[in-house]
Amino acid sequence: MGSIIVERSKLSGEVEISGAKNSALPLLAAALLTEEEVTLYKVPVLSDVETMIDILRTTGKDVFFDKHKGIVKISGKISITHIQYELVRKMRASFNVLGPIAALVGEASTPLPGGCAIGARPVDFHLEGLKKIGFEISFDHGEIRAKRGKKEEESVVYLPFPSVGATEHIMSTAAILPGKTIIENAAMEPEIIDLQNLLNKMGAKVYGAGTSKIIVEGVEKLHGCEHTIIPDRIEAGTYIIGILATKGEGIVKNIIPEHLEALWFVLEKTGAIIKKGENEVEVKSPDKWYGCDINVLPYPGFPTDLQPQILVYLSLADGSSTVTENVFKTRFAHVAELVRMGANMKIIENTVFINGVEKLYGTTVMGTDLRATAALVIAGLAAEDRTEVTSVEHIFRGYENVIEKFSKLGASIKYIPGGVPEI
């Protein structure tokens, strides 16, 4: 596994945000629902995106990816309904092709998915939802098979937790099933709205995305379309926190500020200076910032994918803070690494208690998942001396041109390959 070497740097300047990874993946999966050409713009060049494209190709789809322009074109028939383990093991979002393939051609099978190791992330919500909309689910030697059955005229799927992946999976699958599907306690993330917009451009009838109740009125057939992916709010939040944690100032461009209201609320409480524009934000670190208490919750709450990064920022705050993780309750592998850098933190159940320190100190730390790795890079940039972050391949799953973007902001950063990133 490769490593990233960083030294103390004040981040400043401008950075442009890419299309959202967490939109690109379900949108690519939804393109399975038609044989006509679907064109996506602002597609980020990421290893996870490449994996999803490989999955589409293994089904028989024709996929063209212009990496320089960020354009993907998908068309053609599905000829293979089994997804290979080598692809599925890399990424959890791969599971979201099961329903669309089975809905279109009658059945599909896939091994259990992989992805970041950040605690329990069961697929039960997906499977129970698929059953509610008429699918027969069976298990055989570690593989899940979905077979299209008879759907009721009106199906209600209640999600015990507003799972983003399950909401997207059921929305897309139900789009070409007969009758009405109602998803209760649906996830409300902006990426859900983006998926609804794509599906409706393809001829679907989906309503309510962005609320806790989504209604899908099935249609017989979908068609091709063109669609531009929304900006990546998590990438934006990562660079914003990086600028502030290193006592810098900068402008983060190509964002939708309304998608980050929970972050603005937290940062303004700490004393950060935030100036929001129509599609950009200017941020400036105060000389001293203050601790605060954060509850990590499903959208519109504070996002779990920014929890590791905000811990770095709060570790250098004046005063104490608490961060309670209510989405992935064991997502704290990065805490031990931050403590090794001098942070004063302890975990009690699903809460991190933080007492701010004046400085962090560079050392060798290990990236454990995508967002934790990004957080450790930020910690290294804010720390005294040199920091080496090992096992960093995770970061290339979710941050396009991450080394170049940090460098443009003034970071002293270098990637040492130990196995080339899969992009």
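Note: Cβ is positioned from N, Cα and C throughout, glycine not excepted.
Residues or ranges marked as phosphoenolpyruvate binding site in Swiss-Prot: Lys21, Asn22. A helical conformation is recorded for Asn22 (phosphoenolpyruvate binding site) in the three-state DSSP classification. Here the Cβ of Asn22 (phosphoenolpyruvate binding site) has 25 other Cβ atoms within 10 Å, regardless of which shown protein chain they belong to.
Its own atom aside, the Cβ of Arg92 (UDP-N-acetyl-alpha-D-glucosamine binding site) has 19 Cβ atoms within 10 angstroms in the protein chains shown. If you look up Swiss-Prot, you'll see Arg92, Asp305, Val327 marked as UDP-N-acetyl-alpha-D-glucosamine binding site, on the strength of sequence analysis.
Taken from Swiss-Prot, the feature active site, proton donor covers Cys116, and the record attributes it to sequence analysis.
Among the features that Swiss-Prot reports, 2-(S-cysteinyl)pyruvic acid O-phosphothioketal is placed at Cys116.
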Please state whether DSSP places Val327 (UDP-N-acetyl-alpha-D-glucosamine binding site) in a helix, a strand or coil. coil
Please find which two of Arg92, Asp305, Val327 have the most distant C-alpha atoms, given that the record lists them as binding UDP-N-acetyl-alpha-D-glucosamine, and give only that distance in angstrom, rounded to a whole number. 16
Taking just the CA atoms, what is the gap between Arg92 (UDP-N-acetyl-alpha-D-glucosamine binding site) and Asn22 (phosphoenolpyruvate binding site) in Å? 11
Is it possible to get the count of other C-beta atoms within 10 angstroms of the C-beta of Asp305 (UDP-N-acetyl-alpha-D-glucosamine binding site)? 24
